[in-house]
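Asks: Here it is, the structure in full.
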Amino acid sequence: MTKTLVFGHKNPDTDTICSAISYAELKKAQGADIEAVRLGELNSETAFVLDYFQVTAPRLVQTVANEVSEVALVDHNERQQSVDDIDDVTVTAVVDHHRIANFETSDPLYYRAEPVGCTTTILLKMFRENEVEVSKTVAGLMLSAIISDTLLFQSPTCTEEDKVAAQKLAQIADVEIQSYGMEMLKAGADVSKKTVAELLLDAKEFNMNDNKVEIAQINVVDVNDVLSRRAEVEALMTQNIVDKGLDLYLFVITNILTNDSVGIAIGSKTAVVEEAYGVKFVENQAPLKGVVSRKKQVVPILTDTFAK
């Protein structure tokens, strides 16, 4: 039997890690030889989740072609967000809830993408369709992913399907959603001990009309906890622009209590962000009122503006 590795995107978040583990558990129950791995360090929110449910973190890998010939992707599809040697392996399956971009294969594959708030919402359907029982632990992980990606159902990406899935998973995991959810989000929003690199850890790269754009996001309970370190943050953003040849680096600092954000933009195309949101950046900073979702309120808007 051919072994498969399953993983989410670089700079993994809670959905990426929990989806990889959950997908692996589903496939193992069906007799597959599969292992969940990760492409980066855990953030503090995900570390809290794994500790809470007493789950070992997936193994960290830099490359995959040296181990396997087949992989499955969760929570992403875009090539630049995936493992560096993705072109050297065969992608046999994708389960995702993002746009499809910069992705093609030479062979047919299982591809499932749905416009929901979280990958594990789709995975719960797959467990049920295949009549595989969701364990208490895996239910806790899947619930945590939904809470994370939907900001406890406050994000505009959240659908009724996500809410229904969360209720079902909470019953299996024996977790009270609101109290656990706030505890989990606050664990991720504590930036007091984070390095500057860790503040920018949740970053994704996109190709927008032949422009290289990186968008990082962090959730906080007070944006000033990050803005007080703006000089250090901007220095690292600038270095990333040089190292990666980026046209734009946008850092979205989201207050999970007010559901507003502040943006820091650096690069040759910052005017695109100003046009997209009708704001003016002063010392690289501007308010982004009501913006909480990179997937729904940042990526598509910037993509459309770059295309003008």
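Glycine is treated like the rest: Cβ placed from N, Cα and C.
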Asks: Check Swiss-Prot: it lists His9, Asp13 as binding Mn(2+) 1. Then name which of Asp75, Asp84, Asp85 it lists for that same site.
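Replies: Checking Asp75, Asp84, Asp85 against Swiss-Prot: the Mn(2+) 1 site match is Asp75.
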Asks: On a C-alpha basis, identify the one among Asp15, His97, Asp149 that is nearest to His9 (Mn(2+) 1 binding site); the candidates are the binding-site residues.
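Replies: So, spelling it out, the nearest of the binding-site residues is Asp15.
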Asks: I need the CA-to-CA distance for Asp75 (Mn(2+) 1 binding site) versus His97 (Mn(2+) 2 binding site), whole Å please.
Replies: 6
Asks: Ranking the binding-site residues Asp13, Asp15, Asp75, Asp149 by other Cβ atoms within 10 Å, which is at the bottom?
Replies: Asp13
Asks: So if I measure Cβ to Cβ from His97 (Mn(2+) 2 binding site) and keep only same-chain residues at least 6 apart in sequence, which ones fall under 8 Å?
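Replies: Sequence-distant Cβ neighbours: Asp75, Ala113, Glu114, Pro115, Val116, Gly117, Cys118, Thr119, Thr121, Ile122, Lys295.
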Asks: Through the lens of DSSP with three states only, how would you label His9 (Mn(2+) 1 binding site)?
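Replies: In three-state terms, His9 (Mn(2+) 1 binding site) counts as coil.
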Asks: Other than Asp15, Asp75, His97, Asp149 themselves, what residues in this chain have Cβ atoms within 8 Å of the centroid of the Mn(2+) 2 site's Cβ atoms?
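Replies: What remains near the Cβ centre is Gly8, Asp13, Thr16, Ser19, Asp96, His98, Gly117, Cys118, Thr119, Thr120, Ala145.
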